[in-house]
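*Asks:* Annotation comment: Swiss-Prot describes 20, 23, 52, 55 as Zn(2+) 1 binding site. Sequence annotations record features per position, and here Swiss-Prot assigns Zn(2+) 2 binding site to 116, 119, 146, 149 based on sequence analysis. The Zn(2+) 3 binding site annotation in Swiss-Prot covers 299, 302, 315, 325 and rests on sequence analysis. Annotated region 'Disordered' per Swiss-Prot: 180-236, 360-382, in sequence order. The region 'Zinc ribbon' annotation in Swiss-Prot covers 294-338.
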């Protein structure tokens, strides 16, 4: 689930309706309240649990840091100070506090293992370090600081009374005393520079006060004063300016609230080209900001309005119908003219203010960055990560691939996490890289100690989001249970299926009225807001026509704990009316627009319907499929059981992190998958287009396209697709989903589908005949498999179990033209997932559709083959638990080949060439090649170094761009023997 922006929220109560969660008494309107952000149980989002501020202040250690409080800089200064004082810091952004000298320690660092609590950088061995252990710190260990960092937050510390003072050298003592004197001197100077502000003239807040030169050693960084060494030597001066600024803003807002109506506020905002939407408190904020600092220019990304919140200016608009605009700035563009008041206004307060207005406006002073954000550039990445809690993560890793495991270990160690080579009771989680081996000793130990076992995607999300995330949605054990028990059970009646959560799937059906099928599955993913929601809407009619119900179910994708459902009985007419009302409310479009696929337009912040294809009516039910005899050969019968095993498809969907709790297995329509390809292609174009668009614009458009993809293809863990590797993975996932969609119509994933395996075999429209193990073809294929294992593929060996000859309906007729007219025909390998083979056998090998991105294809979109078996076997994606895969041997008419030594983007080879060959550095020994059926070459020689120099390819690849150049000849059932 998405993490809340901050753990706490501070504001003045909008009404008097909320009650304090601590004392249970009402929180009066305009009273300061503090809300702890928690995951809502009834909707996909976070909600504040409101408390009186005084109730929180009466408890210890509730708020860990000022940085954890959203909206603190929008409060009155006195209320800001109350929160800072509670946390224990006299300045915004720090979480340290003063402590009695007897509880403080000073010493020479014996090693470089500790990090400074303020700046998060390492404390070098032999340097002076200080600590102030407080009761509020709890059992976290001693918080150590650099000397400079300690005196910034405790400038008046009596260091001579610290424990360990006498152990320092005379030189170190002099250095410490000089630091104390310097810091005290700076504070005294700052205190003496305070001036009393005029109470009568709002505009007396002069630009000179905000733009005066900074003290030596500081630089301006995006509107904030930051010391390049990580210490802000003018923090007291900034605090003074922030106090004066806050007092001035609140004086102005109080005056506007007293003397200006909400309608006049909107008129004033409209006169200055500002956003006029929202409640009165938002209007007051925008007006006060504009009157004091000048009217804001439009967002450079989407041209919508900007507003100030949480230390920066953010866009209030949408970059597209799929996403909110993510643009933000600390130095927004301001309109270089006076702030206008409504034309013809008679409001004395506004007219008096307008006459006193100065043309030159001051620049808004922003709160200083937190210590972890203001460090040196060299340590910015590490500081950010450790400040968010990755330095607290204790983990161990298990996996079949040591290279992948070591890569993740290094990434997390770089981020500050603590790696354990073995599972011990103190670690937080065990990270599984690749398939989980249930027999692994570390896995068994983790289960015994009840340590969460999480998938490797958890690491990537932690690193991307720069913090330690909850384990719940990444637990591999939970996902396995979900795949077994939470996949929706579909009982198709007519043209649709009643949702099983309604409890009516056995006695009722979805209402159909002519062409209308009153069933909708809606989805919405917004990565900027952390939203990943679904909404199911159905009209359910009893089979006897006696009653009608409107059923709705909603929640967060992949979570059974968040959401709810409702079943309401009503007449047929009322049910249709209510269904259409809810559809309009959730999507912003009429039901008729979706049915007719005309004038339907995705609306910002609204759901989008998914195309769910339940297929046609099934064959008549049979009583007991297990008792039915099969006419298929035993080897073929076992193959059909492999191909039509529903659990295999469920496992694939789980691997892809597709939402199976609300998305019927295999029912995502072809149209939806094509739209998913289009979204990926848009992302690919944005990733390539680095010159023509500003970074902020490109980022917003990438977020919008990612939202679009994960709305169309519901996923448990949506994220922003930022790189080519991730894009390629998603494209391959969609290709696999296409085959699963095809398989769903043949396999029959419905719970009451009971066709025999013979019936399903007939639906493949492909003659499949097992070969005798003593036949010439079988022996040749076995030799080909055993000889052509590449030397670098050492993790497994291959054993041939069965070979089947193939004759797909119509394929030979299409191939005959190329067979007769092209020379250079070869029998080549092709590997694919088990879940893809129903689609392959029934429709042949297919080239990626035009709407798919070209990412991941070395030589463009085509059909790829290999002459070394292990090169293709990699794409079977088998594991220890399911070690049997399927492979193809196809006759490929290559003709004249376009030979290349490195990846080259193309749609097809040049004129006169019929295929492309990527030249590898290791090839089959040509002297061992044999001819099959007179003119087809079988490159079954052992791998040897080639004569090709400077090639970027390890092994040969063969690519054709026309499916008619391929004739599938053999299907192989292969067992993988994993060596580790």
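Glycine residues also receive a Cβ, built from the backbone N, Cα and C atoms like all the rest.
If you look at the structure here, what lies around each of the features I listed?
*Replies:* Non-local neighbourhood of residue 20 (Zn(2+) 1 binding site): 26, 27, 33, 50, 51, 52, 55, each in the same chain, at least six residues away, with C-beta under 8 Å from its C-beta.
Secondary structure from DSSP puts residue 116 (Zn(2+) 2 binding site) in coil.
In the three-state DSSP reading, residue 325 (Zn(2+) 3 binding site) counts as coil. Annotation for residue 325 (Zn(2+) 3 binding site): same-chain Cβ neighbours under 8 Å, separated by at least 6 residues, are 299, 301, 302, 304, 315, 316, 317, 318, 319, 700.
Per-residue pLDDT, averaged over the region 'Zinc ribbon' (294-338), rounds to 89.
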*Asks:* What is the set of residues, excluding 20, 23, 52, 55, whose C-beta falls within 8 angstroms of the centroid of the C-beta atoms at the Zn(2+) 1 site?
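*Replies:* So the additional residues around the site are 21, 22, 24, 25, 27, 51, 54, 56.
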*Asks:* Within 8 Å of the Cβ centre of 299, 302, 315, 325, which other residues of the chain have their Cβ, at the recorded Zn(2+) 3 site?
*Replies:* 298, 300, 301, 303, 304, 306, 316, 317, 318, 319, 326, 327, 700
*Asks:* Which residue among the binding-site residues 23, 55, 116, 315 has the fewest other Cβ atoms within 10 Å of its Cβ, if you could check?
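*Replies:* Each of the binding-site residues 23, 55, 116, 315 was scored by Cβ atoms within 10 Å; lowest is 23.
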*Asks:* What is the Cβ neighbour count of residue 146 (Zn(2+) 2 binding site) at a 10 Å cut-off, with all protein chains included?
*Replies:* 24
*Asks:* Taking just the CA atoms, what is the gap between residue 23 (Zn(2+) 1 binding site) and residue 149 (Zn(2+) 2 binding site) in Å?
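*Replies:* With distance taken Cα to Cα, residue 149 (Zn(2+) 2 binding site) is 39 Å from residue 23 (Zn(2+) 1 binding site).
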*Asks:* Counting Cβ neighbours within 10 Å across all chains shown, tell me which of the binding-site residues 299, 302 comes out on top.
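*Replies:* Output for this query is 299.
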*Asks:* By DSSP, how many residues in the region 'Zinc ribbon' (294-338) are helix, how many strand, and how many coil?
*Replies:* 0 helix, 17 strand, 28 coil
